[in-house]
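Engineer: Here's the feature list from TrEMBL:
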- Cys30, Cys34, Cys37: [4Fe-4S] cluster binding site (BINDING)
- 16-231: domain 'Radical SAM core' (DOMAIN)
Amino acid sequence: MSCSHAHNQPNNPHDAGPPLWLLAELTYRCPLQCPYCSNPLDFAQTERELTTEEWVSVLRQGRKMGAAQLGFSGGEPLVRQDLVELIAEARNLGYYTNLITSGLGLTEAKVDAFAEAGLDHIQVSFQASDPELNNAVAGSRKAFDQKLAMARAVKEAGYPMVLNFVIHRHNIHQMNDIMSLCERLGADYVELATCQYYGWAFENREGLMPSKARLVQAELEVNQYRQRLQESGSAMKLIFVTPDYYEERPKACMNGWGNLFLTVAPDGTALPCHSARLLPIDFPNVRDMDLQGIWYDSPGFNHYRGDSWMPEPCRSCDEKEKDFGGCRCQAYLLTGNADNADPVCNKSSYHDRILAARKAADHATAGLTGLVYRNADNSRLFFRG
Ligand code: FES
């Protein structure tokens, strides 16, 4: 994740600003099984979820520290029975709130209840432009129709219709169909996010990564569609997010470690990003420590602040204040050591691993059946219902 107002990371943690963005991963439970989910592979083994009171306390502490944006995500946050209560509390505290949902488990009555409780924004994710592919990727037979109905319900309740599609080799040929579906639905914002490889997506990378040629074609199609929208006076906005694996310089992941973002996982583990629990670092838990102490004083959050931890080539790189050496989780997944420069960077001695992944993507032919679906059994494709 990146955002436009990057600022330098201080070496002294107490010079850091507050966590402006708080992500509340309310649960790892989810009715869908998308093989690109960024949740940890062992999500089913995590401790019990935070209670309503514990979440309320996290929200209060975050707001007191200066957090302004709050995302409710998961898993599927709708499986939490206390969602309306948490939204109402967040609104009272003055957060700008965003619900990130698959739409499964949503009803018109719930959309109304969320609006009444003060929810600011809802984003509904889709897997493809047609029911067959959508449901096969989601691992659920009823997902597509439900998503269509809920996208409409969100708009009818007065929210902008914000749709998200994760793009990979099995749906990248559908770009025009996806954009046309969104237009027919009356979407306001469409995020076409090419898959990033963390969690389950890393596990399935070979089966998900599109070829460079397909990616270039997809970007062209988005640009042409955007042009057509502009000419026809449509207000629908298309946001195309390109994948790290086809870049030569890394992103300033999370805008810098412990800089703006604070994620609280379902079991209360506090993390500088949604993937960090895979790192061999001891992260604090909101059950043991207050958010202030976690943010400013915990070894986990201070681990990659500033630049004194950086080895070469980052240490002497004149771009280190721009990208902070890239993504720690990607460095760990690809090199086994999170201190290394993100191998996306062509100055990294591990950049050949990115090149090898690109080459493999050029030659990949496997279908959906080779993917490991996100569920407690790491099972291959099956439908739950
Ligand atoms: Fe980039 Fe964790 S996802 S630092």
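Each position is counted from 1, following the chain as shown.
Backbone N, Cα and C atoms are what each Cβ position is placed from, and that goes for glycine too.
Whatever TrEMBL says is automated annotation, not expert-curated.
How buried are the listed features, and what sits near them?
Structural biologist: Long-range C-beta contacts of Cys30 ([4Fe-4S] cluster binding site), restricted to its own chain and to partners at least six residues apart, with a cutoff below 8 Å, comprise Cys37, Gly74, Gly75, Glu76, Val79, Ser102, Leu104, Arg374.
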Engineer: Looking only at Cβ atoms, how many others are within 10 Å of the one on Cys37 ([4Fe-4S] cluster binding site)?
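Structural biologist: The Cβ of Cys37 ([4Fe-4S] cluster binding site) has 24 Cβ neighbours within 10 Å.
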Engineer: Per DSSP, Cys30 ([4Fe-4S] cluster binding site) is which: helix, strand or coil?
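Structural biologist: Note: Cys30 ([4Fe-4S] cluster binding site) is coil by DSSP, not helix or strand.
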Engineer: Can you name the residues of this chain that are 6 or more positions from Cys34 ([4Fe-4S] cluster binding site) yet have a C-beta less than 8 Å from its C-beta?
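Structural biologist: Once residues fewer than 6 apart are set aside, Cys34 ([4Fe-4S] cluster binding site) is near Gln127, Val137, Ala138, Gly139, Val166, Trp200, Tyr373, Arg374.
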